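**Student:** Structure provided below as structure tokens; questions to follow.
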Amino acid sequence: MDNNKRFQELDALRGLAALAVVLFHYTTRYDELYGHAKMNYLDISHGHLGVNLFFIISGFVIFMTITKTKEANIFAKKRIIRLYPAYIASVIITFMTVALFGLPGREVSLIDALWNLTMLQSFIPNIEFVDGAYWSLGVEITFYILVGVVLYFGQKKKIVLLSLIWLIGSGIIESLSILFPHRLTSILASYSITDYTHLFVAGIMFYLVKVSGQKRHYLILALCLIYDYLFMDIYSNFFVTLFFFIFYLLIKEKMVFINIRPLVFLGTISYSFYLVHQNIGYIVINEMEERGLLNEIYLVVPILLTIGIATLLTYYVEKPIVKYFSIRMKDKRIKKEKKINIGRNRTTI
């Protein structure tokens with residue numbers, strides 16, 4: 001599987017995952033919060049599990065990234081450059097849109113909005129999310145911190161053992177929170193992202209299966225699936241099993257049929273799409289239903305609107321900023337290497 005094809009297929013998967021989450025929010029979740037004016041509205045109650053697919057993809061891509069990265073600070077800088085530009089723009093756009101048009105139960109204070117700009121609101125008590133979709137960013141950040149620690153201590157080659165330890169440790173914490181329900185065990189489970197450990201580990205293992213395919217990698221994948229069946233509900237069991245099957249086909253180059261332009265495009269803008277779709281979409285649906293536009297076909301309006309916003313953010317905010325700082329980082333690295341080489345040459349004269 002060449003790099004171009006690999007990324008396109010991963011992008012297509014991202015696109016599908018993003019679309020599943022968006023449809024869940026616009027149908028089932030909106031109905032829970034506000035109630036659709038039409039009876040028996042379309043129900044996509046398990047679309048939120050598309051986030052689980054995002055986490056598997058993240059494990060795969062992040063480990064693929066650190067195979068080419070030696071320093072934790074470089075990894076951290078790349079993540080910041082990749083995530084913050086579109087995110088900050090999305091926070092500002094969403095906050096201003098909700099403040100302007102109103103959205104019951106979704107308005108937040110300016111102080112909360114400013115805290116949201118840091119992307120650390122998940123870790124700060126009593127701070128409301130500008131958009132509910134941001135909850136998953138706290139999970140991702142926790143994963144990035146763990147990966148950064150592995151890089152910092154130079155333990156990348158021990159990733160299989162560390163993944164197994166993380167999986168077992170998370171299983172112990174999950175078991176304690178079930179057997180001994182207490183605020184402390186609940187907080188511990190929440191901050192150690194035990195609900196999603198197996199998904200990130202699975203993504204890492206799928207990458208290792210792709211490049212080497214050792215039996216121990218398959219074994220840990222099996223343990224990840226067992227983990228889901230032990231601690232998650234039956235719907236998660238079904239969809240995570242499906243996601244594992246899809247990923248196996250992906251690494252065996254059997255998913256080329258999803259490599260189509262609309263899905264790849266959706267995957268390309270999926271980060272921004274995910275960030276802006278929820279509250280802005282709810283506002284649009286509110287306005288449409290007040291005007292009697294009740295049929296599910298009208299969901300195409302908020303979908304296309306938020307795709308449009310996400311496209312602008314991706315191509316006019318995220319990509320230019322990422323390109324600019326990537327070039328600067330590369331130039332600094334080249335200058336640093338030149339200085340090192342000059343120093344070595346002087347010592348040999």
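In case you wondered, yes, glycine gets a Cβ from its N, Cα and C as well.
These came from TrEMBL, pasted as-is:
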DOMAIN    8-312  domain 'Acyltransferase 3'
TRANSMEM  12-28  transmembrane segment
TRANSMEM  48-66  transmembrane segment
TRANSMEM  86-105  transmembrane segment
TRANSMEM  133-153  transmembrane segment
TRANSMEM  160-180  transmembrane segment
TRANSMEM  218-251  transmembrane segment
TRANSMEM  263-285  transmembrane segment
TRANSMEM  297-317  transmembrane segment
**Student:** Quickly jot the same-chain residues contacting the transmembrane segment (86-105) by Cβ under 8 Å, restricted to those at least six beyond its ends, or write none.
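**Tutor:** Sequence-remote neighbours of the transmembrane segment (86-105) are 33-34, 113, 116-117, 119, 130-131, 137, 271-272, 275-276, 279-280, 282-283, 286-287, 309, 313-314, 317-318.
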**Student:** Can you name the far-off residues of the same chain, 6+ from the ends of the transmembrane segment (133-153), with a Cβ under 8 Å from a Cβ of it?
**Tutor:** 21, 25, 51, 54-55, 58-59, 62-63, 66, 69-72, 75-76, 79, 83, 87, 116, 119-123, 159, 162, 166, 191-193, 196, 200, 274-275, 277-278
